[in-house]
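Undergrad: Feature list, courtesy of TrEMBL:
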type: DOMAIN; residues: 37-759; note: domain 'Alanyl-transfer RNA synthetases family profile'
type: BINDING; residues: 601, 605, 716, 720; note: Zn(2+) binding site
């Protein structure tokens, strides 16, 4: 709360006298952003800066196929090739063991495994499968102060990015982990001239980097760039805004995460930084889209010359009619990836990285031939353009151009033959479907995948264009049944008593392939005979945690995601060591994350009930999402909720929490459950038997017609608290209409709710203080009026962007609009008065009249 007040006062206490002058001050350097930086110059400037001024060794990029690291399909970060140093496993006889200061530009691919951008490429203007990561490293040499000084000097002096466009985040600390805030880094940035309102604290999620479940880790500090400028954009940092983007991350490795989750200080501190070249070039060339820089524009021009389509216009979403611009982006991105991978010895194939590259090639071929209407061979003909753009940095692209084109042409010809055959199969199937059909037959989709080699995602994309989809659960069942895997027959109880669960590995997946074992470091899907992990369903996020394999008590297998696939619970696991079908494992939950989801899910039920109490039984749930940090609830309602309605809903929820009612859960036959008066259901297929969740009234009593207590009762498969008192508190921080007749509420609970109330009180005091000052200024000057108007604008931004009770936000917004009208009226009157005074008539004693000429002198 103190930080919020300081931010507000720091802005209003500067020497500028109007809101417009603030904006002008902050934006006047925008034209100074360099637009003459070619991508080659940007890359060269980076490496030369660290090499010539700070004695870093320039280490060439490693190939995109990882060396001796089976946990990765592709190199996906600049630090990958230096992992042996971080892990203390570098051969003391190798050159790597001598590294102290290093700089490079690393070729990276994110198209498989945990970091997978493939399906997003083309849909927006910034996702890529291939990208370059600029980075500098210190291994036991310099640490935080030097790293920050170097980064700030490079950005503001060498690249001449206006400092006022930059925002810096640092680690805010984490009480759960016993980690203090990184005040050292904060003070370093302040000493470098970063304003306090551009210096922002964030938690473990955004500003603490970990290599894995165990191993080196530490706080990080990120530098963000505001594309627009002329404002304070602090609230947009880490908010997924396309206007404020992270450009550089500096990681300070000073801890080691032990097997028991504790943190131990490392004997040698290191620095690991990463900055995406594509994003940096976009900034330095004054663009908003990576595809509008010289890394892509020659490719887009070459694609247009080979196709029967109009030139690229940068459209996305519904504006991109026919997905033409999406196709341009897909082809441009994918041919870069194909060229780099093939030059590094990764060829399209049937497993692992080769299978991913095969998917990329087939996706590019389809967009090239079917959407852009380019002839066969057009894709390969783009390779020389790729070599022209990237060849200075990666000369292997020039050397291997002919081989790259041959491989692309050969694979394209094979796929076009299958594509024509598959298109005929799809067309014949569509002719047999009814006109109003929305689902494509699963056996046909499976046949396309199994017999013609169509990637399942490509099948989905082709069907999407026809307005159809395929039942993904049924398709997953078919895939599993091909290997005769049984379903989970004995799930552990989901409760608030988090006991370990012992299970047997029944099946293992690598990608979409069933295997009998996986090597250490590989990411895989694991199907068990029983589990205590909650799979993502019913609007609730999946559990997290880890396995321990019998016989290896000190080795953890982290569970990163849990999903349902046709009745099977699939655990996404990174195998720390070899894992085989039939292995016995012990399951351990991330208890704080599970408990947080339980709180939000029970709170969602209580919220649903409170809405019906206030608005009547016509209120229908239209969707919900339960995560560890907040809940979201969509519901039918005419118009937005009023301030009194929002207050009444929170009051009703608070009463239920205070009553500390028991939460009852029981499985009953579906037909029996439907007889419960007041039962709330959503539009989905329910299992039989079904789980009934009731607040305050035992499930058995719900059937009694004499029971006159109206309560929350729903069919639900999620995890819940045992009593409502465990919710602690609930605050609605957002309520808005999504479409006509559908509103969305976002709420927080527990400590987050308390902090939201406190923030609301702080902002209320600020508004009252400003209102009082306005009332006491009898005859303000124009400068005073402009200053007060600026304060109103700044405080309005704080009220709009801070997490506070929504009813309080609307109250304050109404008061601030009134204050804004008052200050604007004062400014207009004072400006009119000044203009009037400036045009007073000149004293007539200085004027005489010449009769014959009819004019004054």
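Each residue, glycine too, has its Cβ placed from N, Cα and C.
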Undergrad: Which number gives the other C-beta atoms within 10 angstroms of the C-beta of residue 720 (Zn(2+) binding site), all protein chains shown included?
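TA: The Cβ of residue 720 (Zn(2+) binding site) has 26 Cβ neighbours within 10 Å.
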Undergrad: From the centroid of the CB atoms of 601, 605, 716, 720, the recorded Zn(2+) site, which same-chain residues not already listed sit within 8 A by their CB, in sequence order?
TA: 602, 604, 663, 693, 714, 718, 719
Undergrad: Please give me the CB contact count at 10 A for residue 601 (Zn(2+) binding site), counting all chains in the structure.
TA: 24
Undergrad: Counting only residues 6+ apart in the same chain, whose Cβ is under 8 Å from the Cβ of residue 605 (Zn(2+) binding site)?
TA: 693, 695, 712, 714, 716, 720
Undergrad: Going by DSSP, give the three-state secondary structure for residue 716 (Zn(2+) binding site).
TA: coil
